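TrEMBL has this to say about the protein:
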TRANSMEM  29-49  transmembrane segment
TRANSMEM  69-88  transmembrane segment
TRANSMEM  100-120  transmembrane segment
TRANSMEM  135-155  transmembrane segment
TRANSMEM  190-210  transmembrane segment
TRANSMEM  230-248  transmembrane segment
TRANSMEM  260-279  transmembrane segment
TRANSMEM  299-316  transmembrane segment
Amino acid sequence: MRGSIAGIEDGITGTSPFRPSYHGLLLELIDYLYASLVVAPLVVCYWRGTWNLMGGYIYPSDLTTSLVVSLAIGIVGHIVFNIFQATLRQYLNADKHRIAYYIGSRLYTVIYGAVCVNGWRGGWQLIDLYTTHDVLYVVLITLGCLFILACLKGVRNVMGTPFLIINDARREYFDVPTYFKLTGSKDPGLYVLDCMFSVLVIGSLVVFVWRGLWVLLDLKLFPEDHGTSAWASIIIGYGVTGVTFSLQPLMRWTCDRLTGFWRVVVADLFLFFSFIGTINVWRGIWQALDTYFLPNEPLLSNWITLGAALLLLILLNCSNSVLVRGVYIDAEEPAGQCVVFPVYYIRLFFQKERKKKQRRLFDALERADLNSTGGQQQQQQHHIAADQNHQVIRNLEAVPLTIIDDPKSNGDHSSQAPRM
């Protein structure tokens, strides 16, 4: 659920983070509300339902075996989807077989989603099973893993909804970026090692950090009353989320003026602050569902939350938001873009509509250019009109047309320089 935001352009909101247009601000606010109040609860519902069902169907009478099997499914599944991403891109191509692509891509999300949940469930609960819940121990382990992530420039990998939306775009739907960004075609052996490092090292550190903060909240936030604890997490989570989104222009302005080590440090601190909001939102919604939604019929409750959430996310075209895949590097984007959250949904719609309108305008100008033929005077007028039309086109091309110059940077793909 983490993503790169390289290539983002605020073409609708304006070039300055402190002087955006009212129209851009409104669209940005709608995207933030949509990510926080629609996508995030649906993703949590999916994870909660899948997590609990795995415990009910995978060796339910033997917890240790159940967790080991879940962990094995997660590790093997992640590595397989990493290694064979190029093969999936080749055979599930929307330009060649649209129906096969649509069915195959959604099946990919369903299978990969189960792989992600199993991997996290196995690792998380094995830690619970063989370690103590002593507060000092949990704090030290969590801070240690967070420090290692910071040294590897991987703090951003703890990000999750509501601070990102992963749209089900056709372009590079199956891409899973690895830590060293190697490719299987050039160095197959090193690429496999890269995939294993990304899954076993970076992925494990992220699980440790999530689990540590979650356990601390369980121990300290109304531990005797699950209902009150859930509501407290929801209030804290959405409060921190609102503050984080509000601070984004200031943090972007700050990172625009920093370079090197201090830019990475400031970006990591801001990302960790957003993570506090993320984990409280997740924990609050999860625990509220356990407490209030069909508590006496857990099997039915889990199936409903899993099925309804996944169906709605597919219909909303952002089902890949349930996946935890890929490794991203802290502050790899230029200047202040390293603290811009990839929350784009409504704005993408306006981006597409604007492109269509401009394309129609270009076509109309070209037709007028071709139809302006005749005598010498008409020829002269034709050249003048053509020059004017070409100048209009050049002027339009100079205007920022898109919010995201490279759509694949919207939260789920490897970062590259923007392409024009």
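Keep in mind that glycine also has a Cβ here, set from the backbone N, Cα and C atoms.
Among residues of the same chain six or more beyond the transmembrane segment (230-248), those with a C-beta under 8 A of the stretch's C-beta atoms are 17, 32, 36, 162-163, 217, 221-222, 270, 273-274, 276-288, 290-291, 339-341.
With a threshold of 8 Å between CB atoms, the same-chain residues lying at least 6 positions outside the transmembrane segment (69-88) that come near it are 54, 58-59, 104, 108, 111-112, 114-123, 126, 174-176, 178, 183-185, 191-192, 195-196, 198-200, 203, 325. Using a cut-off of 8 Å between Cβ atoms, the transmembrane segment (135-155) and the transmembrane segment (260-279) share at least three residue pairs, counting only pairs 6 or more apart in sequence.
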